[in-house]
Amino acid sequence: MERPNNKLVNWIMSNPAILVLLFIAVIIGGIISGATLKREGFPSININLALISAPYPGASATQVEDQLLRPLEEAIAKVKSVTDYQTTASDSFGFAQVTLDDKVNVDDAIRDLTAKIDQTKFPDGVDKPQVNSIDASPYDFIIAIAGAKDDWDLYRKTKLVQDEIRLSPSVQNVEFANGLTPEIKIDFDQDKLNQAHLTRTQVEDAIKSAHLDIPIGSFYNSDQEHINLGITRSIDNLTQLQDLRLTPTIRLKDVANVFISLNNNNQYNRIGYRNNESDEELNISRALLLTIKSKPDVDLLNVDQELQDLYATFDAKPAFRDDFKLMQIYSQADATSNQLEEISKSVFGSSFPDWGVLGFVGYLFGGIWLVILLLLLFVNFRVAILAAISIPVSVGATLAWLMLAGIPLNIMVLFSMILAIGLIVDPTIVFLEAMQRYREQGYIGKDAAAKAVSTVGLGMSLAVFTNFVVFVPFGIVSGFFGQIIRFIPLTVIPAMIASLVVPVIFFVPFASKFLKPKQKINRETEPELIGVWDFSKWLGRVTMALLGPGTAKATLRVMIVLTAVALPIVVAGGLVQNDKIRFVQFANQPDGEYLQISATVNSQWSFDKAVQRVAVPIQDILVKQAEIENFSYIQQNGNSFTIWLQLFSAEYRKDHNLRTTEQLADDLNAYLKAMGWADIQATPIKEGPPTDSYPVKITLFDSDIDKLQTATEDVEGFLGSQSGVTKTQHSLTSTSTDGSVSLVLDKENLASNPFAIMMVAKSRLDTTDLGDLELNNTTYIIKSQMVPAVTSIEQITDLAVGATGRQVLRIKDVINGTVSKPPQTINRLNGRRYVEISARVDKDTDPLAVQKKLDDYLTDSKLNQLGLKNNATETTGSATFSIAKSFTELLVALAIALLITYLVLVGLFGSIWLPLIILFSIPLGLIGAFPAIATSTGQFGFLELLGIVAMAGIVVNVTILLVDFANQMKRAGQTPAQAIATAIAVRFRPILSTQMIAFGSLIPLATYSSFWRGLALVLVFGIITSGLLALITTPILYVWAQGRTRPQKSLEPSRTPTDELTAWLNSAEGQQ
């Protein structure tokens, strides 16, 4: 027997000490990395948006557009990293949303943007524009503090809690979510100011100078020492401020009411909670919320435990006695812990609670134990031991890579590790199974290793390469989803590289001694068939029979291939056509534990009116819902607010026959629909990316607001006629109330000074911030205003602006009346006016389908009919469009990856047909994947698409191994039919083993994790179906391809089939 030679194996066998050190380093590095990697839930993402706010008090929307937004847009356009910008002008306020290139550093781009805006000249009266970034996860925890005697007691207790939490070394910041602001209010009485012959401005200047610390200059003393000189004066208590002397005989309290108050900042500070689960209704209490953000480099679960320990100490402190109550109403750590628990159960199993003392059996259904069990069932015991060892070694190498790369142990990384478990063992099985066969053929350990590397090395390398290439597209998808799924290739690719290195580099020296041939081996059997199952040999003979001559068999082969080509289309198309599978953005998940209510009210309403008309009625509904454990108002901004509802656990609700999250949301929406004066929506909170309440969107451009209004009415009418559309909205303001009133100056009265009139009116209307004052360790904001508050335009026009002789001159004497305008909102995109129309759809309606109908409806002729120009529409602002774009990018990237794979295979095999045979296994996987979706979730979303893409890179491993080995047999002198039949016989065992291991590693994930179920089922049944069907189709296609393939140059010395192998093959042919 000729001894094989391989340089790599020779080097490995000659340097065992180096390999041992490397092996130990990998193990230690993996253990340290696994213990110290930061744990988090869904990956943190950067949102490439900047928000700019610029108040312009008293300005109408058109004034804001012309005087504020136009120069602001010019500044924004100068920033190179800006891709587009949306601006909004409303009465007294300008706003901009700037989209940045997702390839740039957001912080650097915002600094550049801020610098450009600071260099821009804006009109007097415009507050300095503020530029802010968006934090996708602004807080990790929310706690509520309730149970106080009054507002001041509540505020002080909350401040004490805030100060205590800030001392935690793991906490980055603690902020009020709905805080009260301590203020010193100064309410001026105009009559008293007049009697004192003082103006409001004079008094405010005196107040500002009453508490100051101002540098004056500096000098050098006689010792030539530098001395700074300043002037200071302080107010130490409220009485001193009230007694502030304005004139020798007049004090501040003589012309104004000076008092301390707590400003609720138009926040509805309420929570609902139960003292006990048995409470029939929730208790309502005034409460303050604190949001807590942990430091970026700490473990969230550890922070949660630290905070729980800290909360437990408050009850024992004197300041927190009486009815003090602290509740954690949101914790990202809980979600992270649940996600990690799902993954942990998928890997290691968990007890079956309904099985009593036999519950421990559940631990056998963890992915890792199923893989080991399947290894013991399908491969040699010694091979199984080494293959099992390869899993922690490859995982350890991957963990070490994650640590070096600074990648946290988030949910996407953990999923990728589970996926990798089923993949990293494949090369080890193939290599060691081949090595074991060659040991049984009589080769010594080193020679068996060299023979295995020569025989399966190319196939293993190609299999890992295809996995590498097909996972690359996950890392180049843009947008929100791209930032999430990029962790899959960052984890799987290093794991696959490790899986190739581990068996060849680390296991060769040990396996050459550990793997032993069986004691009873029939040496008269063809060497290639030693160690091959009898069933595998039978399968090889069946393959030879199928490939035999004869019209009937030729027809059968054609029918098999045609069926294999048509079946994926028929199965997938039929299931979709019959509504067994529905395309969605993300597949619905089972019952969750959180629900959110978002409400938007009329922007002209006062805070008190919004509370009485909307907040209180919603609250009255919520307290009666048995499923709700607690709720709180977590976000309020202008005319909108958000209520966060935490429900009892899904298990509790199921045991008590209560509604699911979806059912509760549907019922709440039915209740809330009656509030026609507010836009209110209850939405279940699920794992994964946030959803858009109005996913169908269209943007129309034109400079004429009236044309946009007409087009808006038409589009809303069309959307309202579509099945499944439940509500529409648009960005134009439509209200009958007067949003702004202009005083029309008398053109004939040129003596009237418009600026004097403006100053008199502003003095009556404005609330002025006069600075801060520290009293008793509390910072107060000093604010002044005139009282009583203005409630009509007549009170303004009756103000005095001067005198003519003894007659007082009032504003109404120098104007020709007033002009009222409704409140207006003007939207601009990249400097062009636009209106955005959007629609909400029910849960059974695909928003992509509605979006397509809308796009098809707005043809150029339709736009012209509406008075708009051609191409005056855009859909890029839609979240649906963003998701569709991610879908498209992923599919395009997959196509490119498969093309690269094809070209590489063409170069290696010297054939344009053999790579097509290999890639043909991909559509075969759809035959199993789509029925798996139909019988489980019935929905094909983004995660299921990820499963298809991942499957494409995995299933080709089977055909690569078959074609590679068949080529070796063909170069050894076999006919194409004999070569592929031998490949089927020899490779069936490792192929079946890898398919079963993929099943074992992923099926627990489909069982335990509702979020990953669809993706896992696609992979499991796609891989198994493709692998089994490829055993039938690949031989037929291989033989056909040989008639079109040029003779290949041998990659190893030719060998002639032995008489035994020829006889075995002939025996199969003889059965035909």
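Cβ coordinates are placed from backbone N, Cα and C, and glycine is handled just like the others.
TrEMBL: automatically predicted annotations, no manual curation.
Annotated transmembrane segment per TrEMBL: 355-378, 385-405, 411-432, 453-481, 487-511, 554-576, 890-909, 916-934, 940-963, 984-1003, 1015-1041, in sequence order.
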Are the transmembrane segment (453-481) and the transmembrane segment (940-963) close, by which I mean at least 3 Cβ pairs under 8 Å that are 6+ residues apart in sequence? yes
Based on Cβ pairs under 8 Å, which of the stretches 411-432, 554-576, 916-934, 1015-1041 lies most in contact with the transmembrane segment (355-378)? 411-432
State the non-local partners of the transmembrane segment (1015-1041) in its own chain: residues 6+ outside its ends, Cβ under 8 Å from one of its Cβ atoms. 419, 539, 543, 546-547, 557, 560-561, 564, 911, 913-914, 916-917, 920-922, 924-929, 931-933, 936, 943-944, 946-948, 950-951, 954-955, 958-959, 962-963, 966, 976-977, 979-981, 984, 988, 991-992, 994-995, 998-999, 1002-1003, 1005-1006, 1009
In the same chain, who gets a Cβ under 8 Å from the transmembrane segment (411-432) while lying at least 6 residues past its ends? 40-43, 336, 339-340, 343, 346-347, 367-368, 371, 375, 379, 383, 386-387, 390-391, 394-395, 398, 402, 452-453, 456, 459-460, 463-464, 467, 484-485, 487-488, 490-492, 495-496, 498-500, 502-504, 507, 511, 515, 950, 954, 957, 961, 990, 993-994, 997-998, 1000-1002, 1005, 1012, 1019
With a Cβ cut-off under 8 Å, give me the same-chain residues at least six positions beyond the ends of the transmembrane segment (487-511) that come close to it. 8-9, 12-13, 16, 19, 22-23, 43, 386, 390, 393-395, 397-398, 401-402, 405, 407, 410, 412-413, 415-417, 419-420, 423-428, 431-432, 435, 445, 449, 453, 457, 460-461, 464, 467-468, 471-472, 474-475, 946, 950
